[in-house]
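What TrEMBL records for this protein:
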COILED    640-674  coiled coil
COMPBIAS  256-272  compositional bias 'Polar residues'
COMPBIAS  292-305  compositional bias 'Low complexity'
COMPBIAS  479-493  compositional bias 'Acidic residues'
COMPBIAS  742-761  compositional bias 'Basic and acidic residues'
COMPBIAS  1059-1070  compositional bias 'Basic and acidic residues'
DOMAIN    22-131  domain 'WAC'
DOMAIN    406-469  domain 'DDT'
REGION    254-309  region 'Disordered'
REGION    477-510  region 'Disordered'
REGION    717-766  region 'Disordered'
REGION    952-1021  region 'Disordered'
REGION    1040-1087  region 'Disordered'
Amino acid sequence: MVLFKRKPVQFLTVPNIEDDNQEVWHIPQTGEIFVTYEEYLNRMDFYNQKRFICTITGHSGLTFFEALSSETAGAAEVEQAFPEALKGPVLRRVQFQTVSRIDTLVDQIYDEFKNDYYPGETVTVGIDGEKLHGVVRDKTRFGGTVLPDGSTAPPYSRYFVSLKERQEEVPVNDSQIFRDRKVFTKSVLRSFIKKTVTREAWNGAPWLVKTDIAERYHIDTRIPPHLRYDNKLLERKQIQAQKRMTQPGGMGMEFNSHTSHNTPASPGQFSPTGPVRLPELKPAPKSHKSKAQQAAQAAAQEARQNGGVVSRKHNLFNGPEPGGFMHLPLPGNPFQFPLSYRSHTLPPIYSAPEPPPPPPPPKYPIEDLQVESRGLVRPQLKYLCVDPPVDLEPTFKAPFDGKILMKSVGPLLETWDTLNVYCEIFKLDSFTFDDFVEAMQLASEEMPVQLFNEIHCAVLKILVSSEADGGKVQIQLPELEEEDEEEEEEEDSAAATPEPESLPTARATRSSLAKLEAERVAAEAAAAEWEMQEAEDAPKHRAEEVLKDYDWIEHLRKRDFKDGGWELIMVGLLHQLSKNERLNASCEELLEQLVPVEDEEPSRETVRARYASLDVNYRVQALQIICMLTAETKAIRGYMEDCSEQMTAYRKEKIEWQRKRKQALEDLKNLNDQRKILLPDNMPPSPPLEPAKVNGVNGAHPNGDVKMTDVDEISLTGGEIPDSDAEDIDGTPTNGLRNLRRGNDRAAERKRKEEEKKQRAEAAAAAAKVPKQSKQFLKVLKDIQKKEDEIAECEKEIAIIDNDLREADCPRTRVLGKDRFWNRYYWFERNGMPYGGLPDSSTAHAGYANGCIWVQGPDELEREGYIDMKEEWQNEYVAKFGITVPERKKREEGGTSVFKATQWGFYERAEDVDKLLEWLDPRGVNETKLRKELVNYRDRIQKGMENRKTYVGLDTATDEEKKEENGATSGDAMEGVEASTTADVVEEPPVQPTTKGGRGKRSTRGNNNSRAATTTRQVTPEPPAYRCLAWVNTTAIEEIGHLHGEQPPPARNRKQSKKKQEAAAAKEEVEVQVAPTTRSGKKKGAR
């Protein structure tokens, strides 16, 4: 019995099929039959959901068929494992039980049967210290007896067991018999009960043995009346009615108070002959009487007016009740109301209907667009492209000279992320996104860029292994079509234009002329169509010509990349990929740019020149194609698998540290409890109250000045206080006042030492008064400090492992989240790479990798389903919020939006992150998750943005010292991304404090030679400096000994003479001392 949402799966009934030849669909596992294929598919989709539960094992998250097979196997295993002799008694005991939880039922049955044995059961008997195996033949149960002293002896059983070893039967008692531990356990009992018993889904339903099993063991299946659902329901209704009757102010209380005077009087309360007890005056109840009660009261009043006695009292339903009398008040009763007043009926009192309760407040978080707007506007987005999706201010200037289109922004980000995540496989130094974009645009014949060349060569190396490694192609390539020359000639001859037929020589009629005209027009149309087809089929590029005698795979195996080698390999790869229908359009477009038809003689040099002048958007397109191919290679897939295994090991290690931290926290809690217990006995004594001091300590004022007591003596010496540096006429200093001051100083010093000695004595006395528990208290404090240090170490290790997990998570880019308009937010340092790139890369000093938050527009389905909704849905939204979703998007996004998944914007300033967090509404489902991620990584994001701001020169500080720290002397401080590609590095003479180009004066600490060199630089300025030129592929140099674009150096002799080794070492030392400059103007030794 497979469960779905904790309820048994209900199978569909078999439909009534009248036609025997009708086509039907059948599910053999359930026996269900369907007359339409759509119904069959819907049912199979339902069964294939992983939401079913196996009743026997309790496993969840299974499909129906998996749960059914698991249940079948588990049922067979339980049927075999559970003792046959116990099945009947256990099922009889379980039948009609009303325990709601199966765990409680299993505990009760297990406690009842664990020491009880039944005939036919295999047991072990202990006789004379020997354990023998046998089978229970008979059982006798004796009840409890009452002993003479009044106590009760417990019931017990006697068993006759047939021993297998001795072939005899012996009587044993409860203490001599037991089972094997694995035969009857709670888990086996639970599985058996779940297999054989069912229960309906209502509170208080009894457990019922299945019908077929009950028949096998002769168990009564007739449900007792008090356990049936209808009787239970009726009982609940009666209980609720009784509760309503007994509620204060209800109808039952009112009737009781009304008829309390109609009951027979108790002795002493009313007697015909005795004194009359006055009734107790009570305020009338405020509840309203029903119509039946009013009718009964009117009848009683009419009877009293007529002087008759009512022999029967009326019940609530105005019917007579036998055995009741109504006693009328005696005449002359002063508390009896006049008849005229009693017959007066009061006007009915109507109460206003209660207003309906207010709707419950929404339980947040809810769907984002259902949250009311707060009137906040999202911070302004920035765009990398020259064609933003919205109209911006006229002052808007696209970065990088406005050459990048919006369609290239997504591939740029995708390619940069792939190259940095798998940089260890590509053997590339990590690089910033700004340097990557700059290199993609800047590379040309006049200015070669190492980053641009190394990226292409490294990616191409992954696609085909080298000759030393076997030269195997690592990707699947479409096959090239080899056309036969003979077939081409035949097709050309067959497709040649047919010669016009000779006109007939017979007499021409009108019909024949019309027919000839029609044929001529048809022939001309066919010829025009053939010419158009020929024009379409004509080659649009000359890739086949340039690749005629060139095997690009073989050259890639040999790593022939220099002098246009990798560019020609790219042409060969794109030409072969163009045979793939999915890549045909993009590859053909690139080939038209690299080997156009107008080139007279396409060659390696022309391809290199074309690639050097290729538009940046085409470069991005080509690089994206080859980067996507690397996902098929064994290197990338193996790296993913290694990272996955590494993440598994990290998670296990994290669990161990979390377990240690949890145990340490528990120990720390116990130690803190001990400290609280010992704290009252170890409180330090309160310091004694110091007496009030008028003039400070020892006659000194509170400000620290010492009071001079011998002023009179000083005045006798001359009436003035001489200066301490004053001298006599003979040149000797006057020491009278100095000696007096020294005496006072010595007295103050003696007083200070006496006070310190007194304080030490008091401290020693206080230490002697420390209680005996101080050692134990100090030990507890020391243990608490150790536990706190241990917890801090655990948390540090857990944080390190979390960072390792983040860096090893490389299969896909994690999104930060989505906002209310389904825009996706990316921070590419989120996973798969270190926060600032590889720490040993040549641009690690930048301190960031991407440094921006990127915003991607919604995809097509999300846009149609949530933003550009149907008209009726938009009308509902307007009725609720007074605005359509597109209007709300335009208002709350502040005029800078992205509308498609191919459109991107970004935030680059730290203050924009805080504004974005303020704009996000935590009451929405999507924005709650996005806001949580942004809060978690806010410090890292803002730090990367600040580092990027410094690196690309977004700082506009005017302080000269900041300019020097940011690299003003080396030409690295720039006014912005655009200025970084155009700023000139021009040195000014050290004598003139000019500020040309926004730079402060520069001081030279060298000699005259340095001044002469500076003057020379001023006359011949250097070319513009670009950040991307500072990048060097140190990873390739360290691992393979050379750059990817260079040929490997020739193999050296294994053994070199001592002189050669010393010469090589000296040469390397000289090279390090010289430290030639790179294209970026920086020294290699300074990296």
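Backbone N, Cα and C atoms are what each Cβ position is placed from, and that goes for glycine too.
Curation does not apply to TrEMBL; its annotations are automatic.
Mapped onto DSSP helix, strand and coil, the domain 'WAC' (22-131) counts 52 helix, 17 strand, 41 coil. Per-class residue totals from DSSP over the compositional bias 'Basic and acidic residues' (742-761), listed helix then strand then coil: 20 helix, 0 strand, 0 coil. Counting same-chain residues at least six beyond the ends of the coiled coil (640-674), those with a Cβ under 8 angstroms from any Cβ of the stretch are 780, 783-784, 787-788, 790-791, 794-795, 797-798, 801-802, 804-805, 808-811.
DSSP labels the residues of the domain 'DDT' (406-469) in these numbers: 44 helix, 1 strand, 19 coil. Mean per-residue pLDDT, taken over the domain 'DDT' (406-469), amounts to 93.
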